[in-house]
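Some features that TrEMBL has for this protein:
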DOMAIN    10-240  domain 'YjeF N-terminal'
BINDING   82-86, 155-161, 182, 283, 345, 395, 474  (6S)-NADPHX binding site
BINDING   83, 151, 185  K(+) binding site
DOMAIN    250-528  domain 'YjeF C-terminal'
BINDING   440, 441, 442, 443, 444, 473  AMP binding site
Ligand SMILES: NC(=O)C1=CN([C@@H]2O[C@H](COP(=O)(O)OP(=O)(O)OC[C@H]3O[C@@H](n4cnc5c(N)ncnc54)[C@H](O)[C@@H]3O)[C@@H](O)[C@H]2O)[C@@H](O)CC1
Ligand SMILES: [K+]
């Protein structure tokens, strides 16, 4: 499972590898720069065309290779840290391929960290380094018409907004192939948020060893363009000494979806989905259908007496029970009902609040979505009843209602790194609620009170914009409820449900409506060879 690293974790891994003597910082930088060049040529194979120049001491006459090569040109923008060091490696390796390369440095060469300085000096044996001047860089970007512009200004070490003279360049780069080394400069790699107001919009971002949180959260995917990962030989980590809950993973895979071929339907649990009144049952029916398709043995829809006829006409495999003013006690007397879902199309009245209280009081595994989240936000007493087997599934608006102070921290302009992130927000919410919180979005974050955290990233190749459709959240709530009925723990149910939800959408493709999602699950399961 892919681990997502913070900038500090990446630094620690690098330092541990160097301290162990298995690799030098200079070797890592060389591999990083070489990886960037390889990724550029893989992304745009047409750039590989042209005559190869020999390596070694090359004349420093600008434009020397202009007539020698296929006319490939790169503008490399380097910064004051090791990201800039990677940039000097890229410049050298492109030049060695016969490219014309122009390099600009933001900062003072004498103050570069040692490895970056060493690569600066090696590059100086091949070409010039111009001092940073916004007008001349932008002018050169126009007149030179580079095939590639390399952003090696700031990487994981960015701690504050881009200086104005850097922002002036990075936000005005011409369209074309803009390659970010490790990170688009201006982006906080712990949060995916832009520090201040300016960051590069790259077409290709090449990162090293493992993706960072900022590559998948918030604005990260939109700023990175295509994301490529380069192995720089740091190897698998020994994480024994690290707090497992500090690690954020990308959600991927099947969890415990397999079913025992000898099992009975009652072995797969019984989910109860509560519905709203007449004419409002569609949302709960979607949830119920998803719970059944994801493999709950039995699913019952509970609805008010006046909605019985409507639901009876619409349901077959899903059972129907009347749940009215008499409360939930009678239904829950059936101990086989082991997972509940309240919220989709539910209603916001006193009776619904009472049903939420009864459901919480029953101690059953529980998904609270939509209207149930609004009821929780209105009533501190209800909120206080949340327990470890609950899953809250708020979208951004519901999250704000439930945790206004946490949203306020997230909404505050990010001026310093590491900026408060959606991961921080979901973790804080889960700790306060004492249950699992699934904070929706293209970067869905699932957090448990323990600090355990995963991101279900529907970005890059996994983007599913057509999932933003009415009723899709009701289906997600139902999938999670069905998995709870199948005895998944709350955290695993939320993670696996979120993953399947995106997989179903990807499998169906454009044109998807919420009804299609549960019906697509069998195909997803077949693909998983369940
Ligand atoms: N960690 C690793 O294992 C590796 C890191 N490498 C590269 O090293 C980079 C990290 O290097 P650094 O930690 O030196 O960080 P950066 O090169 O990203 O930037 C750090 C420098 O910029 C300054 N700075 C930060 N924000 C600033 C701002 N807004 N305005 C002006 N100055 C600012 C800092 O004081 C520091 O001097 C990575 O992104 C990657 O490109 C690679 O060489 C490969 C290996
Ligand atoms: K960069």
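Glycine residues also receive a Cβ, built from the backbone N, Cα and C atoms like all the rest.
Curation does not apply to TrEMBL; its annotations are automatic.
Mapped onto this structure are the features recorded in TrEMBL.
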residue: 82; record: (6S)-NADPHX binding site; DSSP (3 states): helix
residue: 159; record: (6S)-NADPHX binding site; DSSP (3 states): coil
residue: 182; record: (6S)-NADPHX binding site; DSSP (3 states): coil
residue: 395; record: (6S)-NADPHX binding site; DSSP (3 states): coil
residue: 440; record: AMP binding site; DSSP (3 states): coil
residue: 473; record: AMP binding site; DSSP (3 states): helix
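Put simply, residue 83 (K(+) binding site) is 8 Å from residue 156 ((6S)-NADPHX binding site) when counted between their Cα atoms.
In the three-state DSSP scheme, residue 151 (K(+) binding site) is classed as strand. Close to residue 444 (AMP binding site), meaning Cα to Cα within 10 A, are none of the binding-site residues out of 82, 83, 85, 159, 182, 185. Residues 395, 439, 445, 456, 458 surround the recorded AMP site, their Cβ atoms falling within 8 Å of the Cβ centroid of 440, 441, 442, 443, 444, 473, which are themselves excluded. Only 395, of the binding-site residues 82, 83, 151, 182, 185, 395, have a C-alpha within 10 angstroms of the C-alpha of residue 440 (AMP binding site). Listed binding-site residues: 151, 182, 443. The one with the lowest count of other Cβ atoms within 10 Å of its Cβ is 443. In this structure, the binding-site residues that sit close to ligand 1, with a C-beta under 6 angstroms from any of its atoms, are 82, 83, chosen from 82, 83, 473.
Put simply, residue 182 ((6S)-NADPHX binding site) is 9 Å from residue 151 (K(+) binding site) when counted between their Cα atoms. With a cut-off of 6 Å between Cβ and the nearest atom of ligand 2, the binding-site residues 83, 85, 441, 442 reduce to 83. Around residue 444 (AMP binding site), taking its Cβ as the centre, 25 other Cβ atoms fall within 10 Å, counting all chains. The binding-site residues close to residue 473 (AMP binding site), defined as a CA atom within 10 A of its CA, are 395 out of 82, 159, 182, 185, 395. Here the domain 'YjeF C-terminal' (250-528) has a mean pLDDT of 95 out of 100. Cα of residue 442 (AMP binding site) to Cα of residue 395 ((6S)-NADPHX binding site): a distance of 11 Å.
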